[in-house]
Amino acid sequence: MNSTDVTKGFTEQFGKQAEHTFFAPGRINLIGEHTDYNGGHVFPCAISLGTYAAVGTNEDNAFRLYSANFPKVGIIDIPFSDLFQDKRGLWTDYFQGMARVMKTAGANFTHGLNVYINGNLPDGAGLSSSASLEMLVGTILNSLFDGGFEPLELVQFGVKVENDYIGVNSGVMDQFAIEMGRANQATLLDTNTMKYEYLPVEMGDNVIVIMNTNKRRELADSKYNERRSECEKALAMLQKGIEVKSLGQLSEDEFDENTYLIYDPILIKRARHAVFENQRTLKASKALQDGDLKTFGKLVSASGVSLAFDYEVTGIELDTLVTNALKQRGVLGARMTGAGFGGCAIAIVNSADVEDFIDNVGKAYREKIGYDAHFYVADIADGAKQLN
């Protein structure tokens, strides 16, 4: 898929030529899962799979929206006068949410837009299709209406849409990775301070393979909110005995010394993941900088174990992929990525072994789960941008 596909689709739907094209990537997180709302570090990168848009003007004072990913929905009109109406339960809620947040922040929509959208991110796969759409919309509206918003402002607008409009208490990682991504680099982001640095992803003879369970993350939103609530409860218990603003501020030793303040075994497990995952992320980013891929792979795998047993956000599909991935020749590490409860896992695989890896893991998954997983070699890409 490329911009030509959406310009053709635009003409078919709206009967005229598109004037602009845009792209926003998806993302994978190398390590640092469920740490972004706990004041910890994350280490994501944008990928070449993503969401495209072709855009043209109209004189109707409305956004006229079509997505090739939801063809049965057809064209949806959102008049400017309806921007602050309730959400409709459609994909257009993300467009409407971004538009209303930007309008509140001072954006001036001087004319209508026809927008044709098509993406190649599998829906519900945990590669951040919703954040990709939010950053795509933010880039479109900021570019075409001279909004003047900085990239980090668009990131915060996207988080606000998720939290206040869609109803998912997500952190900042997805929107940040998609808006701020750079080709062949991952971003080490301290979500507590929003300080970040770009680090080259140099894998030598290895590649990152994305493994899609093809199980939609149907429970992810409710369980995501539940995990965040559990971490907040654990933090509140710790704060009764020590001065700490977020779980991400604690070292492993500091956490171990103060677990007596958390008198719930489930909450201890949740908080332990947040604390230890943050430290793993710092160690992993340093290992990658040092070219120590063996250590990097071990830390990635350790993250997966913690997500399965302390945070409990995997499930049989992800566990089957990761367990079988780690049995294969040429694999340095593997774990789930994203919110969990379905979606995707990643593996670091020697490029010479990728074909056998996909065959073997795919066969084992089919035999265990009853349907196919899909595999993609990740291409680390730039963030959201206008293409023409």
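The backbone N, Cα and C atoms fix where each Cβ goes, and this holds for glycine too.
Tyr224 is the residue from Tyr224, Tyr260, Tyr263 that Swiss-Prot records in the substrate site together with Glu33, His34, Thr35, Asp36. Across the annotated binding residues for substrate (Glu33, His34, Thr35, Asp36, Tyr224), the two most widely spaced Cα atoms sit 12 Å apart.
Remark: of the binding-site residues Gly124, Gly126, the most isolated position is Gly124 (fewest other Cβ atoms within 10 Å of its Cβ). Counting only the Cα atoms, the space from Ala125 (ATP binding site) to His34 (substrate binding site) is about 16 angstrom. Within 8 Å of the centroid of the Cβ atoms of Glu33, His34, Thr35, Asp36, Tyr224, where the record puts substrate, the same chain has further Cβ atoms from Gly32, Tyr37, Asn38, Val42, Gly171, Met173, Arg227, Ala274, Glu277, Ala339.
Proximity to Ser129 (ATP binding site), judged by a C-alpha distance within 10 Å, picks out Arg27 from the recorded positions Arg27, Glu33, His34, Thr35. Note: the CA-CA distance between Ser67 (ATP binding site) and Thr35 (substrate binding site) rounds to 32 Å. Across the residues the record lists as binding ATP (Ser67, Gly124, Ala125, Gly126, Leu127, Ser128, Ser129, Ser130), the two Cα atoms farthest apart are 19 Å from each other.
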